[in-house]
Amino acid sequence: FCPRRSVLTVACEQTEVLLFDPISSKHIKTLSEAHEDCVNNIRFLDNRLFATCSDDTTIALWDLRKLNTKVCTLHGHTSWVKNIEYDTNTRLLVTSGFDGNVIIWDTNRCTEDGCPHKKFFHTRFLMRMRLTPDCSKMLISTSSGYLLILHDLDLNKSLEVGSYPILRARRTTSSSDITSSGSSGPRAVSSPCHQNDSGPLSEKHLSRSSQREGGSPRNSLEVLTPEVPGERDRGNCITSLQLHPKGWATLLRCSSNTDDQEWTCVYEFQEGAPVRPVSPRCSLRLTHCIEEANVGRGYIKELCFSPDGRMISSPHGFGIRLLGFDAQCRELVDCLPREASPLREIRSLYSHNDVVLTTKFSPTHCQIASGCLSGRVSLYQPKF
């Protein structure tokens, strides 16, 4: 959705981008050859400019006022480009792809030939990348079940191998696990990032300034293996990653490595630097979860928060489920449980004849869109 205009854009498998007026449900335009391969993601930079990314390894910039031609095409990735983020403070475009690279594009100096760019970060098995609403953190999910968090984010500084401090990481826990952990200590995990050090995530990576001040330096990296219900002893893949609009929590869609189970999980951000450099940070705590129908195995289902953060829309078979933190759809901060609790199903909506792969709330109207594998787009809005 365009943030302040009545435009819905749809990324399609067959090189197309569709544009609709979501209020009237009218089709506006089809960009039939937007890319040379599948279009994966669309991100509005403002009320007229938007970016698309594709399996053809490129990113394209478009202007709603002149859709016959691209503003420019950006080359830099070497594999499928899957995610686009935008820092409105610096006007830097951030993309990630299956080449494992996160690339920064300077849209302040954009020309017809493209934008100046640099590789910001690299990790193996990269699936999705998101920025928090205030752009203070970058979250990266991987197909191997890791969740990477870059704290106190500085996009102007490229991160070469070994140049970033690493905070000791552990599996995320519920509050009861934290209080009962005692002296057993955290379970350290090895990093999916390429490193030259032979040991796991040790405190020697922390900068001297961090040790003096007790806080985290810019772009400090935390590596977590988020707890997934029923998956303590099994691997899992984090396929979808979204962030609460107020930056309070992250929303994950996880599947088991045998692909026989899927879960929607909500993790609350626990702010604050480690008490001392050798203590674990563990920034996330599992608060809510629900098992999903694993229909259409092998396809990624993109879920989302509502604009106020009180509801979650999640693909569920041939439809979507509207989920809340409790039956009254209260704010997350008003109903935080002591232990992980089930998400409450508010309502299910079914109008597709194929597996639903994506869903999105309108930022300006009381409306939800969903798209399925066969290409149909459905719009839902309540009757008053």
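Positions of Cβ are set from backbone N, Cα and C atoms, glycine also.
Automatic, uncurated: that is what TrEMBL annotation is.
So that you can see what the record holds, here are the features copied from TrEMBL:
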REPEAT    32-65  repeat 'WD'
REPEAT    74-106  repeat 'WD'
COMPBIAS  172-192  compositional bias 'Low complexity'
REGION    172-231  region 'Disordered'
COMPBIAS  208-219  compositional bias 'Polar residues'
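Restricting the average to the repeat 'WD' (74-106) gives a pLDDT of 95. With a threshold of 8 Å between CB atoms, the same-chain residues lying at least 6 positions outside the repeat 'WD' (74-106) that come near it are 37, 40-43, 45, 51-55, 57-61, 114-131, 135, 138, 140, 155-156, 158.
When the repeat 'WD' (32-65) is classified with DSSP, helix, strand and coil residues number 0 helix, 18 strand, 16 coil.
Secondary structure of the repeat 'WD' (74-106) per DSSP, as helix, strand and coil residue counts: 0 helix, 21 strand, 12 coil.
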